[in-house]
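Enquirer: Found this in Swiss-Prot, in case it helps:
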- SER112, LEU113, LEU114, PRO115: (6S)-5,6,7,8-tetrahydrofolate binding site (BINDING)
Amino acid sequence: MLVRLVFAGTPESALPALCRLIDSPRHDVIAVLTRPDAASGRRGKPEPSPVAREALDRGIPLLRPARPNSPVFVSELSEWAPECCVVVAYGALLGSPLLAVPPRGWVNLHFSLLPAWRGAAPVQAAIAAGDTITGATTFQIEPSLDSGPVYGVVTETIQPTDTAGDLLERLAVSGATLLSSTLDGIADAILTPRQQPVDGVSFAPKITVEQARVCWDLPAPVVERRIRAVTPNPGAWTLVGKLRVKLGPVRFDSGAVEVPRLLKPLLPGGIHVDHKSVWIGTGSDPVRLSKVQPQGKKFMNAVDWAHGARLDPAARAS
C-alpha cells in the first residue's frame, strides 16, 4: 500500500530526494510544499524554486504558503491527509500545530552527522572547520532546531579540494537513498528512532554575504577552507582598493616550490603578480588565486584579471 507523502523542500539539493520518492513504487507524493517564488537575476523577476519547477513538470500539486505555520495553512495541509511529511532544505522552521498533522510525523533529511552542525549551513560549516568526515542524517522533526531522534545516517569523506557545492551534490544523492530507506523502515514498522547524544552539539547558522568576505589576517589553511566553504554560495569576496572582487577556490601549499622566496614575508592582503600567478598574503603563507569575478563580469583567470586591471603595485586586498 502506498504511503501518502507531502514533500517539503526548496533548493536544488532537495531534487534527488524528491525525484527518488516520486519514482518509488512504495510512496505517493500527493503534494509538494516549497517557499514562495523569489526574486532572481538582475531584473529581480520572481522565479519558482528548483523544487517547484520539478513538481510542476511532474504534475504534482504545489503548496507555496508565505506563512506555513498559520492556522489557515495548517488547516489546508490537514485536508490533504498526508500519512507522513518529508523535509529536505525547506527553509523555514515548523511549529507544533503543523508537526501534529501527519500521523507518522515529519522526517527531515539533514546534511550533517547530527548532533554536529545543526542549522541552515551544515555543509559549509563542516568544510570551514576542517572536518574530514561528514554525512547525512534522517530524523524525526521536533519544534526545536534539528534536535529530534535519529532514524539513520550515511557518511561521506570530505575531499581536500571539495567546495560546499561539490560536497552538497554528493550528499544530496546519498541522502536521497537514506531517506527512501528510512521511510520504508517507518512504513514497515521496523525502524525506531534513537535520541541524539547530548555531547557533540554544534551549530551552523546561515552564512551571510558579509561573512563570506575573506579575512586575510587568518592563517592560509583557514583562508583556503573558508573560501571553499562559501563556494558557490554566497561566494567568497574581497575588496581590492575600492573594487569588489569575487574569488574562486585558492591554492595553499607551504612547501610548494613555485612559491617565490620573496613572497614568504608578503603581508596579509598584500598582492604579488607575476607572469603566471597572482598571490595574496595571509596571516601565514601566501595563497594563489585561481579564478576571480570582478563586479558585473564573469569569472576569469586571475592572471588575466590582474594584468587587465593594471593593479597598483601597492594594491591590497581587504
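Just so it is clear, glycine is given a Cβ too, placed from its N, Cα and C backbone atoms.
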Enquirer: With a 10 Å radius around each C-beta, find which of these binding-site residues (LEU113, LEU114) has the fewest other C-beta atoms nearby.
Expert: LEU113
Enquirer: With an 8 Å cut-off on Cβ distance to the SER112, LEU113, LEU114, PRO115 Cβ center, who else from the chain surrounds the (6S)-5,6,7,8-tetrahydrofolate site?
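Expert: In sequence order, the nearby non-listed residues are HIS110, ALA116, TRP117, ARG118, PRO122, GLY135, THR137, ASP146, VAL153, GLN196, GLY200.
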Enquirer: Counting across all protein chains shown, how many other Cβ atoms sit within 10 Å of the Cβ of SER112 ((6S)-5,6,7,8-tetrahydrofolate binding site)?
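Expert: The answer is 24 other Cβ atoms.
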Enquirer: Which residues of the same chain, at least 6 positions away in sequence, have a Cβ lying under 8 Å from the Cβ of PRO115 ((6S)-5,6,7,8-tetrahydrofolate binding site)?
Expert: ASP146, SER147, GLN196, PRO197, VAL198, ASP199, GLY200, VAL201, SER202
Enquirer: How would DSSP class SER112 ((6S)-5,6,7,8-tetrahydrofolate binding site) in three states?
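Expert: For SER112 ((6S)-5,6,7,8-tetrahydrofolate binding site) - judged by DSSP and reduced to three states - the answer is coil.
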